């Protein structure tokens with residue numbers, strides 16, 4: 001493993017250096033986002049007819065498609081990110097401390113992408129404030145969509161607070177080595193800082209983490225997001241109590257995959273082998289395997305219940321899902337990843353970072369496919385499937401595919417920009433690594449205990 | 001599927017065997033009704049002018065019903081000024097129980113006025129209240145106040161799609177935006193589509209516990225306090241389409257691009273009425289097609305309910321008005337005396353009432369036939385003749401010397417033409433040409449010498465003239481015979497209806513229908529037995545306000561082609577066909 005000892009200079013490297021590669025990646029990401037923005041303008045000018053969507057029923061299509069599928073996907077990545085970070089703090093999983101802030105940033109970036117998708121998806125985004133906020137006190141009582149907006153906003157605020165509080169500690173201590181042109185930003189962020197607050201902040205952060213850990217399964221990706229679909233009795237592909245846990249497992253697999261990819265990118269760009277050690281990746285991969293298993297287990301539940309002796313509408317929907325190539329591909333990818341992860345646990349030599357990245361990418365592809373199909377299948381096989389034009393047809397248009405490119409570009413941009421302003425690895429992590437070097441075995445025990453707690 | 005079935009015994013095959021023999025003897029032309037309905041549709045589409053339509057069927061109508069009660073052309077022009085503009089009124093003249101609906105309209109006006117007053121008080125910027133009431137939702141369907149809805153008799157629907165076309169015209173919706181949708185379906189294991197009456201009429205169900213309203217993040221989708229209509233406020237909707245996702249019936253249509261008809265055009269179309277057919281009494285934009293980027297669906301015509309089109313349109317919808325067999329019954333589902341509730345209470349009676357309206361031979365016709373046989377009325381004075389034409393009888397009577405030249409209503413030329421027609425129809429004279437027939441006619445009318453024609457021909461000509469009278473008289477006798485044999489003619493149906501209504505001795509003679517149980521049997525044989533009723537997907541808990549009479553589609557029912565295709569009425573069935581044209585990068589594949 002690492003031979004060098006982590007230093008403050010290590011985590012400051014991204015802030016104080018720019019390379020050609022940075023500008024190239026920045027340019028490519030900005031271009032991706034820019035292309036989609038142009039496409040979105042075209043959509044705003046010509047209406048939603050530029051998408052591949054139509055009305056379900058006699059209209060022969062699906063009314064929600066890739067925009068909503070990708071929205072859930074990003075929200076999943078985001079929610080999983082903050083859960084991971086909160087678990088690190090709350091449960092003392094110190095081994096993952098170096099990637100905690102990246103996970104938090106992934107939450108901020110993912111939620112931004114998801115929020116953007118809400119705007120892109122709407123027929124009249126200009127009315128968002130007047131129509132939604134104006135009637136909020138009424139609609140919050142009964143519209144799952146309003147619950148969604150509420151909880152996502154709450155999570156954005158929680159995560160931002162969390163991030164802002166922990167950054168105060170770092171910025172104050174590292175201020176001298178941070179670039180002066182961001183002085184106003186640092187000033188605002190450390191407003192009124194005194195050393196006495198460290199202890200208070202630590203407690204606050206702990207409570208925030210507790211709130212996040214409790215709210216995630218109850219309200220967030222195990223709650224309001226699946227409820228958007230699971231509470232609708234007319235759509236048997238969705239109407240199921242298993243959607244909550246299922247969404248949560250998908251969120252966690254996606255988020256861990258996301259963190260693996262982001263962490264690997266930073267490690268490679270800034271030579272952080274000694275900070276984000278192979279050990280971290282092995283651990284993340286194991287967690288990924290664990291959630292992949294839960295993911296497949298819950299899919300199994302749906303298939304057995306939906307196919308054994310289900311009501312006609314449920315049976316039709318489940319059978320259609322099970323025989324769909326996208327579903328089989330998605331399940332195959334997750335299963336393959338799971339098989340690899342378990343194999344490399346038994347035989348550690350099978351682990352390489354490239355394979356870890358590969359596993360993460362495959363899982364992200366699988367969850368995106370699953371989400372897209374999940375949304376579409378609901379409209380394809382409703383209870384009232386009497387229409388000749390149902391199941392309808394849907395394939396995302398070029399503009400919809402570009403949205404995926406655009407939001408990925410957007411998320412990358414968030415990382416590129418933030419990493420130039422503040423350290424993306426906590427000072428605490430460096431201090432911890434210096435203090436507690438080589439406690440790999442303890443960490444493994446910790447992880448085992450955590451999985452028991454979770455289970 | 002024969003159209004005769006639909007007109008005379010909607011229960012179809014079961015009844016057919018029993019009734020066919022009896023019905024074969026009747027002469028009422030249901031084909032004509034269907035043809036007129038189809039052409040009426042052409043009128044609504046503007047392919048045919050109302051005047052042309054009127055003219056086209058005048059002769060047939062006279063022949064069939066002996067009277068043409070349709071508004072005259074002049075009346076049409078008036079009607080056009082009143083912006084009615086569709087051919088439906090012409091059909092109403094035959095099938096509508098005009099008297100009753102007028103009475104009901106008057107009643108509704110009273111209740112409506114009260115509701116408007118109350119509504120205005122309760123709905124001052126009322127989005128919140130409306131929605132909170134709906135959010136409560138656990139009262140299992142409100143039984144208080146007005147709740148507009150429909151009773152749709154699926155066994156009366158003939159799948160002509162007149163309602164679909166009328167809705168499109170009323171609301172100026174785009175191609176494929178079928179707020180009203182009619183579909184035929186097949187149950188699994190059923191070989192032949194249409195073997196039994198499997199048809200569904202699908203407007204919005206205007207649910208009491210509308211899931212679309214519940215999930216709306218903006219209150220754009222709301223229930224109107226005064227009459228329970230579930231509407232979309234086009235000025236509030238953000239186009240998230242969650243209502244469409246939550247609705248189990250698939251009645252929502254999003255406005256994916258700029259609508260074909262502009263608001264200016266809609267305003268222009270309705271410039272002579274009170275509102276603009278868009279804004280309702282509460283000043284909310286809820287009617288006509290949606291603007292770009294927001295959701296739309298069947299509204300059940302708030303503009304009409306608010307009286308903007310005139311009080312006679314209150315309590316009606318465009319689809320109801322357009323339906324030739326009057327399968328759609330719109331009104332207050334909470335009022336036991338409303339049109340739909342009355343229909344539901346006695347489906348068979350109401351159905352028979354409507355089917356028999358304008359049909360012959362009715363009670364008066366039978367009475368007249370008795371009068372003739374008893375010598376109280378002359379053949380020529382009869383309103384209804386089953387077999388025989390007034391002009392031909394007049395000509396025959398004149399030739400026979402029974403009618404003075406002074407009493408003739410025909411001029412010489414007409415008379416000669418009619419006689420030629422009679423002779424031309426005689427088998428014995430079929431070899432003669434027009435000129436020879438003319439000569440024979442002249443001989444009969446005393447305008448030519450007997451020697452101008454062959455003696456056999458002259459004899460045959462006289463026989464043909466006699467046959468006109470004998471046939472007509474036989475026809476009259478036949479009406480009475482059929483009546484006395486209790487064949488189910490409109491007269492028997494009318495009697496049965498009156499008996500069940502409690503009227504004393506409504507029969508023409510004791511040989512007609514005289515007791516309640518026979519009366520009930522007659523009605524069931526004529527209009528079909530007591531049919532089952534259902535609400536669509538009731539188990540989903542939406543408390544829909546549309547009640548259907550007829551067969552409920554099973555969970556595996558699948559739509560099949562109906563008798564009239566959407567393209568036949570200039571509409572699009574699958575909207576995706578239209579929308580694909582605007583898709584950027586339509587790969588022609590599907591997930």
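Every residue gets a Cβ built from N, Cα and C, even glycine.
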(Q) Under TrEMBL, the annotation transmembrane segment belongs to which of these stretches: A:325-343, A:420-438? (A) A:325-343
Q | Per TrEMBL record, range annotated transmembrane segment [choices A:64-90, A:172-198] | A | A:64-90
Q.
Ranking A:64-90, A:102-120, A:205-227, A:394-418 by the number of C-beta pairs under 8 Å to the transmembrane segment (A:145-165), which range is first?
A. A:205-227
Q) When you check the transmembrane segment (A:394-418) against the transmembrane segment (A:325-343), do you get at least 3 Cβ pairs under 8 Å, counting only pairs 6 or more apart in sequence? A) no
Q. Can you say which of A:64-90, A:247-267, A:325-343 has the most Cβ pairs under 8 Å with the transmembrane segment (A:102-120)?
A. A:64-90
